[in-house]
Every structure is written in C-alpha cells, then in structure tokens.
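Record features, source TrEMBL:
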| type | residues | note |
| --- | --- | --- |
| DOMAIN | 14-234 | domain 'Phosphoenolpyruvate carboxykinase GTP-utilising N-terminal' |
| BINDING | Arg73, Tyr213, Gly214, Gly215, Ser264, Asn380, Ser381, Arg382 | substrate binding site |
| BINDING | Lys222, His242, Asp289 | Mn(2+) binding site |
| DOMAIN | 238-597 | domain 'Phosphoenolpyruvate carboxykinase C-terminal P-loop' |
| BINDING | Ala265, Cys266, Gly267, Lys268, Thr269, Asn270, Arg382, Arg413, Phe509, Gly510, Asp511, Asn512 | GTP binding site |
| ACT_SITE | Cys266 | active site |
Amino acid sequence: MTTSGTTNAELQAWVDDVAALTTPDRVVWVTGTEEERDELNAALVASGTFVKLDEAKKPNSYWAASDPSDVARVEDRTFIASEKREDAGPTNNWMAPAELKAIMTDLYKGCMTGRTMYVIPFVMGHLEADVPMYGVEITDSAYVVVSMRIMARIGTPVLRAMEERQAGFVKGLHSVGYPLTDGKADVKWPCSDTKYIAHFPETREIWSYGSGYGGNALLGKKCYALRIASAMARDEGWMAEHMLILKLTSPEGRDHYIAGAFPSACGKTNLAMIDPTLAGWSAEMVGDDIAWMRFGKDGRLYAVNPEFGLFGVAPGTGDKTNPNAMRTVEKGNSIFTNVALTDDGDVWWEGMTDEAPAHLTDWKGRDWTPGNGELSSHPNSRFCTPAKQCPMMAPEYDEPNGVPIDAILFGGRRKTTVPLVYETRDWNHGVFVGATLSSETTAAATGAVGVVRRDPMAMLPFIGYNAGDYMGHWLEIGKQADASKLPRIYQVNWFRRDKEDGSFLWPGFGDNARVLKWIVERLDGTAEAIDTPVGLVPAPEAIDTTGLDMSVEQVAKALEVDAAEWQAEVALIDEWFAKIGDTLPSQLKDELATLKAHLDA
Ligand code: GTP
Ligand code: SPV
Ligand code: MN
C-alpha cells in the first residue's frame, strides 16, 4: 500500500527501488502534520516503545528505553565509503563503495518485512535558504519519524518545494534491521547486532542499518549535516562544523556571536543555553550542536543552525546547571530516551535534582532506589525537544543567512594541561589549536570512556573526508577574508582538575560567562593578556570573579601553563601529526615547531 507519491521522478524511482528491495507491508509518505504525529505516538505506545508521561507534568511527551546494546553512536561501525581510500583518510573506517553496497544490499533484502516503510522529506536549514539543503530519509522506524519531526523541518511543504524545483536531495536509507518474517512478533526496541552507518560522499548518500539510536538513525543530523555536508562544504568553499552558536549581549547592549566546537558530551548544549551569573550579561541560543558557516557579502563568516530541535545529554541537566534546558523540556512535546521514569509519570536523571526520588523505574526497566549502586539513567540518555521551546532562543535563529561570528572556541575535557582559556595569535595558530584539540572520551559513542584522544575541531567522528585535507580546508578559509574580519579563535577548558584533590578547578556552567566576558573584552580591545608559550592567557585578575567564592590563586591554578605538561602534550601532538601523514598541511608543522621553540626558550 502506498499512501501517496511524488512528481519528483528521481525520488519516486528511489522509493520504488527501496520498497522492492526491503519488501515493507506498506509505504507511507510522511506529511508532518500534528494528526499524523499523534497517530504515530499512539502506535508507539501500543507497541510498548513509548510510555506516555503525565499530561500535567510533561504534555505530549514520551519515555523510551532502548535495547541496552543500542545506546550511542557506533564509531567502529561508521564508514566513509569514498571511491579512493585516501579520500577517507587515516581517521575514518573505509570500504570501497561497491563492496559496502553489496554487503548492505544483502542486509536490506526483505529487512522491512512486516513493517511500514516511511518516506520523510526534510530540509536541513531553512526552506527559504538561497540553496535549500534537501534530504529524504526512508526508515522502518516510527520512533525515527517522530524524532525527525522534532529535529528537522519535515513533511509535505518540503516535498512540494522539492517537486517545484525538481531539486536534488541527499538520500538517507535507514532500517533497524529487524524484519518481522513469518509473523515474528515485534519487540519494544527493534535493532540488530549487525550495524553499519555508511556514507558515500561522492554520491551524497547515507545507508544506515541495525540501530535506532539518535546519531545512527536520525540521518539529517550527524550523517547529513556533518559528514556529507562537510564533503559538500569542502567542494563549495563553506564549513559544516560540530559547533554551538551563542548570542551574548554585554551590559552596554552590544551583541556578540560566538561559535564553539566541543566534542560530544563536552558542553555545547550547556554553553548554548548559558544563564550568565554576571550581572548585566544576557545570552540567547542560536544553535547547540551544528553550525554551517559561509562568508557573507561583507566578508564575514555567518553561521546558521541547520536543526529544528535539540538532542541533548540528560544527565547533569538540572535547575542549577542548565535551567533553560529544564524550561524547554517542561513545555512538553519531547521524547526522553534511556532516562529513568518516576512513579507519577515523569522523568528523572542523575543531576536533575540534588536528591533522587525514593523509587524509580531505571532505563533498563528495573526497580531503582537511591544508593542501589547503579545509575538510574544511561550516561548518554537524551532529551529530544523542539528548539523553539527554548525560552532564550534568539530571533536570529530564523535568519536564513545566519549570524556573523566574532569568536570561535575550541574546548574539550582535559583534567590537566589545558588552561581555562587562552587566545590564539592568529587564524593559522587557531587552526593548529583546533587541529590538535583533544578530549577525554565520553559515553556519546560506544567504547572506553575517559581516554584522552585527539579530536580535531571536535569533528573526529564527523569529518566526511580526509582529516588532513579538512585541516587544509580550514587554512584555506582563513585566506578568503581579511584577518580583521575573521573570527578570533580561543581554546577553553571547563574540566581541569585540582592536582591534589581531583575537584574541578572552575565552577563551569553559568560562571563560564566570566570567561566569555574576558573574550568579549579582548575582541573590544580592552582586556590585557599574558604572552605564554601556548598563547595569550588572561592574568588571573582579568577574570571577573564578582560574587564568586574563588581566590585569585585558585583562578591562577585554572589558568596555569605548566611547561612539563606541555612538553608531554607536544609528544602526543607529534604522534597525532604522524598519524595524519602526507596530507597534514605544512603550516601546521610550522605551528608545532613554533610551539616547541616557545616551550624550549
Ligand atoms: P553532544 O550533544 O553529545 O554533542 O554534547 P554537548 O557538547 O552538547 O554536551 P552537553 O552540553 O550536553 O554536556 C555534556 C555533559 O557535560 C553534561 O552532563 C553537562 O552537565 C556537562 N557539562 C556541561 N558544561 C559543563 C561545565 O561547564 N562544567 C562541568 N563540570 N560540566 C559541564
Ligand atoms: C553527539 O554524539 O555529538 C550528539 C548526539 O550530538 S548524536 O546525535 O547521537 O550524535
Ligand atoms: Mn553532537
């Protein structure tokens, strides 16, 4: 059964081919209406995937618990299948497209048996953009449909625009890989032990199999807006980055736009939603995860957030750390995955409140009581919520051409070495700092947590081509504008620890506004900085600690540049550059030589 079709011939032919291969019971063209959403949510409740939350507490919201094996991105199963291996580079898994397509075609054969195949037309960024970035996701998961409806602009208006223009689009094929063959019963969270998250950058295609989890299954997000888009951006002279976009207004009423690249689960959503603790400063969010940046006619770099929703880390989100996120999800219309369920039909997770409820249903569906030695919520549990519900969404979010970026921050989780903040000397030095960015790994991807790894521009898992060429693209971007028009580049680290007691050296969250204030004062030319071997570090007194119980000595500890730690860091950067190999731009080797010379001087 087909509920509808399209006059876009390329799309209709592809849908017909996929249906013939995957043999669903029916094909449904997703319209994006509220009635359709309500029907899908009701079906997800009936199938046991969703539990409806109490309407008074979280209107129109649902709790889902995944299969315990399907909780995060699977980087070891993610492939960049370019024609040539060297175009995927030394940091991506690679397979020849024909070989990978043959393997996956076998998997897709009959994989939607007994299921509905949904066709979701969507656009990343604005439908009114000069060049709308169309996509279509085919999926056999209703959970994916209702999540995509939150995360991207989808449905009939997008399809009609694609038909009028007979526009090209990114093809995303997704299956949970759990066919209901011979009347086999469904499960709450269908998925497969065999997983492939495959990208074909030359043909702008995505093939995903075996997972229902966010970044593996909501193909508009990381697969399209970062991996495929980064390859498009390289070809077309723009940038697709794993960045938040923040609008910060000073007490004098001046606006500054700041972009920030931090690896997964390292604080983008929290900084994008900051509630500044400094009097007179206010913040608004433009984006919390992805920024597409292009030069404007005035020669400045403009950033848009191509997403429509927020897919945020739940644990650690509470009234004290991120009140704006709490206000956003309280408005409802949200999906909570792998958090705990309260007895009165609400959700809870570690860090939401100081005290846990006396009894919960944990993310694995078991009884949970405080102190039972387990986390109630998976560390990568997430809320999926409409961006427009955020009470501090900037009106500029609706600007199809975005906002002019004044500063770019690179940050990560580092217990040692990296100061709270420093400024880079120029664009190339900033690109070096981004290209050598490092962070302790988090639960956002499967695998070990807390291991320091290099994560260039927070894009290691998301660069859709050769990482050395990607660094070269950043250097190229810097040549396209006057230095005075380029954003200034900073490194930040909210996660440095005290060497003696292991506690955080910096309070973080709303107090990060104190660091942003110094950055704005640098942009305005009013703050001093100390020239150190790594870059321009504020004097401890230059960080405004008004109202904060922190001595100048404590601030100094957070800002310290320890020569011995940096000598150890340089050895790690040497290893990293050796791994990048031939495509590493010579300018970055020069930057490393300069750093070494400064440290030795
Ligand atoms: P992705 O959505 O995975 O790309 O992550 P993200 O970069 O948006 O990370 P997010 O803001 O969701 O933060 C992840 C975790 O870091 C949460 O548990 C936060 O509570 C914690 N966190 C964020 N900012 C700070 C901070 O300034 N200090 C400390 N100590 N923790 C923070
Ligand atoms: C991340 O892992 O960086 C995320 C979540 O933002 S996901 O969409 O699953 O990739
Ligand atoms: Mn992310």
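Backbone N, Cα and C atoms are what each Cβ position is placed from, and that goes for glycine too.
This view paints the features noted in TrEMBL onto the structure.
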residue : record                 : Cβ contacts under 8 Å, 6 or more apart
Gly214  : substrate binding site : Arg73, Ser147, Lys221, Phe311, Thr337, Arg382, Cys384
Gly215  : substrate binding site : Ala72, Arg73, Lys221, Lys222, Cys223, Ala444
His242  : Mn(2+) binding site    : Leu226, Ala261, Pro263, Ser264, Lys268, Asp289, Ile290, Met457, Ala458, Met459, Phe462
Ala265  : GTP binding site       : Val313, Pro379, Asn380, Thr442, Ala443, Ala444
Thr269  : GTP binding site       : Leu244, Asp288, Asp289, Leu310, Gly312, Val313, Asn322, Ala325
Ser381  : substrate binding site : Val313, Ala314, Pro315, Phe336, Thr337, Asn338, Val339, Trp349, Trp363
Asp511  : GTP binding site       : Thr277, Leu548
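Between Gly267 (GTP binding site) and Tyr213 (substrate binding site), the C-alpha separation comes to 20 Å.
With respect to their backbone Cα atoms, Phe509 (GTP binding site) and Cys266 (active site) stand 12 Å from each other. Each of Val71, Ala72, Phe311, Ala444 belongs to the same chain as Arg73, Tyr213, Gly214, Gly215, Ser264, Asn380, Ser381, Arg382, is absent from that list, and has a C-beta within 8 angstroms of the C-beta centroid marking the substrate site. In the vicinity of ligand 3, defined as a Cβ distance under 6 Å, the following of the recorded positions Ser264, Cys266, Gly267, Asp289, Asn380, Phe509 are placed: Ser264, Asp289. Taking the centre of the Cβ atoms of Lys222, His242, Asp289 as the Mn(2+) site, the nearby residues of that chain (Cβ within 8 Å, site residues left out) are Gly215, Lys221, Ala225, Leu226, Ser264, Ile290, Phe462.
In this structure, of the binding-site residues Tyr213, Phe509, the smallest number of CB atoms within 10 A of the CB marks Phe509. Filtering Gly214, Ala265, Thr269, Ser381 by Cβ distance to ligand 2 (under 6 A) retains the following binding-site residues: Gly214.
Averaged over the domain 'Phosphoenolpyruvate carboxykinase GTP-utilising N-terminal' (14-234), the predicted model reaches a pLDDT of 98. Here Tyr213 (substrate binding site) is positioned 19 angstrom away from the residue listed as 'active site', judged by their C-alpha atoms. For ligand 1, the nearby recorded positions are Ser264, Ala265, Cys266, Gly267; that is, of Gly215, His242, Ser264, Ala265, Cys266, Gly267, these have a C-beta under 6 Å from one of its atoms.
Phe509 (GTP binding site) falls within a helical segment according to DSSP. According to its DSSP assignment, Arg73 (substrate binding site) is in a strand. Those residues noted as binding GTP (Ala265, Cys266, Gly267, Lys268, Thr269, Asn270, Arg382, Arg413, Phe509, Gly510, Asp511, Asn512) have their most widely separated CA atoms at a distance of 24 Å. Among the residues Arg73, Tyr213, Gly214, Gly215, Ser264, Asn380, Ser381, Arg382 said to bind substrate, no two Cα atoms are farther apart than 15 Å.
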